[in-house]
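*Asks:* Structure incoming, see below.
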Ligand SMILES: Nc1ncnc2c1ncn2[C@@H]1O[C@H](COP(=O)(O)OP(=O)(O)OP(=O)(O)O)[C@@H](O)[C@H]1O
Ligand SMILES: [Mg+2]
């Protein structure tokens, strides 16, 4: 095992642990508490969900810029259904999962049949889905959401907040897909060399559509969690979240050229972002510094990867 | 030192991690000679030349270019010292034009900030003419070119540098015989100008024709250097392999072709590519496909497996019409295509050897367009192990990336992965490109063994000797049309060449 292998295996995790140690020294009384750790996880749940979908889009050498808008639209539709007395689970299923899948399928089909780069397709999609959200909500938030919904989706099971459970279950499921299934192997192959994958018998067109559906469903679930946490659906919810999603995937070691990356890394990537935001709050640093720091972190971690990750 | 060499390498060693690719190798190059490097796949030929051209740094030893000692030079410095290299794996940038590729990094300037496009295209046309690429626009993007054209552009690029040391790492592996003759003509002219050429090839007839001296490497060790005039192919092979092995392949005794038709292609058409393609392959039969550059053989193969769309035509498998929409359908129906361009179409460089090896198998045994099913690591690794032993694949671990293998060993993965996928009809597109003599024979005997098991084989090759020694029949393709299909009993080099170059049959009958 050489440096490159070590870095690829443990690099992201190492940065995460380092940050935890630094913060524990700087702020033992606030930071290093069980409650605060739960808080970080809770704050990161939405980022983890959209980052996981984004991860798949980047894994096939694409990108999904629409995750923030999809989060907004699915959240709005879910809230709309809930406020009109539709059963809670049906609302989640239709407004979050099915709608997310549908939008993903639209993105995927556009990518496959226009031959355009996913960057263009989802860039267009971003404003379209946001526009639809504003249209159906009349640019007003929806507040009248049944109390049950908030207390279940944003409540806790055996002391663990539900959003964390949702994020963890989705992460485990997707890790299983990537590591143990042929679907997962095919996605890596597509990301590594599309033509070779196609000639080996992989239906690369269908597979791209599936990948965007996964991304859409993840964003849809994030939309549902967002509504539950806020107790309302905001028409601009999730704006700019694609930055967090892309940053998590990249910090988590996903190659921008496709074919390389792991679900676990992406989760850690999202946690690093959550951890930094949390730490800076504890240290009373203003939000614009947080943004600067996050940008620096993205560039820094990819730079490190360039030097440590190659021979 | 009585004699002055262009290049002298002494006791050069190189290791990659734990792999010792070169051990104390000596090499020298004189002005005006062609020095051939010979050795099995993975022997270290490319690595030695990558050291000379500054791509890799050596681990031990020293080398001199025109008497000046060089340690750890960069590719740019090597170029400045007059060394240019045509790499085994094509390294053009697909998105740029031919002209930009050739003059990358030294585009002619008009003003301080702008490019002199007129001069660029004129200069490009001049070097393209030198390699015989005449009817081609210098502004064409490389992406749209065929592999042989790309290879010629690599050669043109090296020539345009006006170097006096030119390294050619398997330059002929994807060229047709006309282009190879043109290359030899160029080489002879370069020799007259005092240029020293290092020539790497697995084709011994070429080596005998073009070489002056030949050095043999084996497993990273230097074996010997001999004058071409004082040796013969059999002797070279035994030095390479370390045992007696004939340089020519033993013709199989008799055909294993059955009487059932496996594949029947009727009136296959695609505009500007091929027209009226009709042929059939019987079970147990090996049908060779011969033709010149751009004859359309690869396109026909791709249309059969549904990798590209066809305009019209029917395909029958065992007398039933099938509608093959994509390579997955083809695979499910038992058809596999082993592509000609290994780095671009053959493997995924982010996957390990065993993961690449098992891909067709996993897809064949899954359903719903390959979406279902779990992985099966044990079975997958077994597949890789089988390939390693069947094709004598040299790797340090099955977990290696295919990219770390030598060119010929990469090719073995590309061919091998189809052998375990339960295929009935194999389409081999130039399967022995860049493969050493021993393994070549290995692949021929595998093809014959497949035929023996009543599998059908469509064998596309530009090496006529290869086709003549393994095929049952040979179809000759000229500009998208099948000119004639020769039964092996009446096939001979002359008639086939005539058909391939003129598009006419000597018999006067169109088959
Ligand atoms: N980048 C690399 N990393 C690890 N191993 C390498 C690398 N490049 C080459 N090798 C190893 O070095 C050895 C020599 O490889 P090399 O490419 O020089 O062989 P070659 O003689 O050119 O073979 P071929 O005829 O197949 O092209 C092989 O065992 C190969 O696996
Ligand atoms: Mg080589």
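From the backbone N, Cα and C atoms, a Cβ is placed for every residue, glycine too.
Feature annotation from TrEMBL assigns transmembrane segment to A:12-31, A:37-58, A:65-82, A:88-112, A:119-137, A:157-177, A:209-228, A:264-282.
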*Asks:* Cβ pairs under 8 Å only, please: of the recorded stretches A:12-31, A:88-112, A:157-177, A:264-282, which one is richest in them relative to the transmembrane segment (A:65-82)?
*Replies:* A:88-112
*Asks:* Give me the stretch from A:37-58, A:88-112, A:119-137 with the greatest number of Cβ pairs under 8 Å to the transmembrane segment (A:264-282).
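*Replies:* Counting Cβ pairs under 8 Å, the winner is A:37-58.
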*Asks:* Looking only at the recorded stretches A:12-31, A:88-112, A:157-177, which one has the largest tally of CB-CB distances under 8 Å to the transmembrane segment (A:37-58)?
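*Replies:* Of the candidates A:12-31, A:88-112, A:157-177, A:157-177 scores highest.
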*Asks:* Please report, as numbers and ranges, the same-chain residues at least 6 past the borders of the transmembrane segment (A:12-31) whose CB is under 8 Å from any CB of it.
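*Replies:* For the transmembrane segment (A:12-31), the nonlocal Cβ contacts are 251-253, 265, 268-269, 271-272, 275-276, 278-279, 282-283, 301.
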